[in-house]
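Report on one structure; see the data block that follows.
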Amino acid sequence: MEGPTHPKPSKDKTFSWDLIILVGVLLRLDAGMANPSPHQVYNITWTITNLVTGIKANATSMLGTLTDTFPTIYFDLCDIIGNTWNPSDQEPFPGYGCDQPMRRWQQRNTAFYVCPGHANRKQCGGPQDGFCAVWGCETTGETYWKPTSSWDYITVKKGVTQGIYQCNGGGWCGPCYDKAVHSSTTGASEGGRCNPLILQFTQKGRQTSWDGPKSWGLRLYRSGYDPIALFSVSRQVMTITPPQAMGPNPVLPDQKPPSRQSQIESRVIPHHPQGNGGTPGITLVNASIAPLSTPVTPASPKRIGTGNRLINLVQGTYLTLNVTNPNKTKDCWLCLVSRPPYYEGIAVLGNYSNQTNPPPSCLSVPQHKLTISEVSGQGLCIATVPKTHQALCNKTQKGHRGTHYLVAPNGTYWACNTGLTPCISMAVLNWTSDFCVLTELWPRITYHEPEYIYSHFENKPRFKRDPISLTVALMLGGITVGGMARNRNRDCGLLETAQFRQLQMAMHTDIQALEESISALEKSLTSLSEVVLQNRRGLDILFLQEGGLCTALKEECCFYADHTGLVRDNMAKLRERLKQRQQLFDSQQDGLEGWFNKSPWFTTLISSIMGPLMILLLILLFGPCILNRLVQFVKDRISVVQTLVLTQQYQRLGQWRLRPTVSPQLNV
């Protein structure tokens, strides 16, 4: 069981496995996910897969956002090994493997290390090496040197077997026996799983993009050959409840032209306060998911303009968002969606009131059949809900017997199969196959970060990343008038209630204007069809010589009543404002920036040649000086060498002291 001291030679870290090379290549060819909204809640599933057999070792699902759903995953080592570890029969005690209980038990006491395959490091090898061709490639594991990393995405450690019969390092281990084979063994587990592992995500793993599966290699640390196991970690993101259409109009989800319906005059009926202090309301009954608002004042004869009506919608949404989530409104853009659907429904939970007598909101007359084409979320459902819409239900009630009326809380509505209404009759609901979902109604206003809007003004052809936009309903869904006042303190609740009611009034005014627009469009289409039919009949008869087409037909002349002139005027004003903004924006740009906007290829060309051009310019500027310095330095070195050579050929004379000599004298 003892292995050599770390490090070991890398020659023991290779083996032939052509199938794993192919799997490793396929992992790098996976398509990425679309960038999602960071605030959207999804059903996220993390999967650990054996790359050799393709069997899932673990699949953990939970609800959350893409930025915080990183659970701790538990799986067994034998689930990512399978039958790939088959020690030689000539090795009676290999100490590893998953085919026998004794080998599974001995494998528990063997250290292991894990190497990432997503790093694409050449020195670490490929799948045939377990991405651990040399020492230093390991980033996590259970060894005596405790490998760590500051850049890898996961950590893998040993766990503890479940149940009261746990394994220890010194003797018998019941969980290592498969209860399907050894049913009489005490403590036997399913599949003999006694090598639990714990996988956790690091901070880098939480920040990376899991747009495809990422692979790792696990190797046992033992004397001789270190066996290899390959596994991958992947994330699957699914919406909890995809938006579904609610209402009798089956063509609106596809946004096709509406079918011609009978012209019904819009009638707004103000309701007097109830005995319990209720506020007047305006309701729409038997409408195809007709958007309406509950606590509003009676309609004024004078209708506000389109611009003011749209501004009130955005302003009411901003005030509500500012009160409930002020951090989101410090620097943001709220954009009103100009294409259908203009409203969306969010299914919520709430406490409705049960009344024996019909309230005033149930006595209104049907109006135009407006339909909300998107209902998402999970909320309270009444009656028998078909399987196609059960995803919208978090709680389902069968309703009540008898003649009862269920009134939705303030700020919410019953989205039924036959239309949107503030109250429902149980007698009608029990008699028909209708069903209802408690919903909130929100205008489709998207929330954008400031960088997204600025990029449009700068006319950038591309973005660094896909823009993230979400509707305000996703940020404020479930915040009703009653819910805000119930879940917060009294003063704050009253303030938020006032903001929410202001938004509701703006929505109601906008919906009434939409109804009037639909009526005007119906009249315009009817008038146009009459003109077309009359011209066709006149052209067939060709009685123009008798005084004209109308005289020949002996009927009143029909003329096209154009009720869309205001639309054309508004569009002309809009184009004029856009042109003025574009001129103002162009005047604030310099010439170089204008070149970049007019020629998209100019940016690519400049960025490609700028580097070599700068290098060439630096060489021309500083090249002569550097060359002179280099030549002077070489000359100095050569001069020193010549001086040394000449010095070695001569010997320096010493300083000898010269004494005076006395010449001999002769005596005469």
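Placement of Cβ uses the backbone N, Cα and C atoms for every residue, glycine included.
The N-linked glycosylation site annotation in Swiss-Prot covers ASN43 (among others).
Taken from Swiss-Prot, the feature N-linked glycosylation site applies to ASN58 (among others). Reduced to three states, the DSSP call for ASN58 (N-linked glycosylation site) is strand.
Sequence annotations record features per position, and here Swiss-Prot assigns N-linked glycosylation site to ASN286 (among others) based on sequence analysis.
Summarising the annotation, Swiss-Prot assigns N-linked glycosylation site to ASN322 (among others) and lists sequence analysis as the type of evidence. Around the Cβ of ASN322 (N-linked glycosylation site), a 10 Å sphere holds 14 further Cβ atoms from the protein chains shown.
The DSSP secondary structure for ASN327 (N-linked glycosylation site) is helix. Swiss-Prot lists ASN327 (among others) with the feature N-linked glycosylation site.
Residue density at ASN351 (N-linked glycosylation site): 11 other Cβ atoms are found within 10 A of its Cβ, drawing on all protein chains shown. According to Swiss-Prot, the N-linked glycosylation site annotation covers ASN351 (among others), on the basis of sequence analysis.
Per Swiss-Prot, the feature N-linked glycosylation site maps to ASN354 (among others).
Positions annotated as N-linked glycosylation site by Swiss-Prot, on the basis of sequence analysis: ASN394 (among others). The Cβ of ASN394 (N-linked glycosylation site) has ALA347, LEU349, GLN378, GLY379, LEU380 as same-chain neighbours under 8 Å, each 6 or more residues away in sequence.
Among the features that Swiss-Prot reports, N-linked glycosylation site is placed at ASN410 (among others).
Summarising the annotation, Swiss-Prot assigns N-linked glycosylation site to ASN430 (among others).
Residues or ranges marked as motif 'CXXC' by Swiss-Prot: 332-335. Mean predicted confidence for the motif 'CXXC' (332-335): the pLDDT average there is 84.
Taken from Swiss-Prot, the feature signal peptide covers 1-34.
According to Swiss-Prot, the topological domain 'Extracellular' annotation covers 35-605, on the basis of sequence analysis.
The transmembrane segment annotation in Swiss-Prot covers 606-626.
Candidate glycosylation sites: ASN58, ASN327, ASN354, ASN410, ASN430. Fewest other C-beta atoms within 10 angstroms, ASN327. The two recorded residues, ASN410 (N-linked glycosylation site) and ASN351 (N-linked glycosylation site), have Cα atoms 10 Å apart. The Cα atom of ASN327 (N-linked glycosylation site) lies nearest to that of ASN43, taking the glycosylation sites ASN43, ASN58, ASN354 as the candidates. Secondary structure at ASN43 (N-linked glycosylation site), as computed by DSSP, is strand. When the C-alpha distances from ASN43 (N-linked glycosylation site) to the glycosylation sites ASN58, ASN322, ASN351 are tabulated, the minimum falls on ASN58.
ASN430 (N-linked glycosylation site) is 20 Å away from ASN351 (N-linked glycosylation site) when you measure Cα to Cα.
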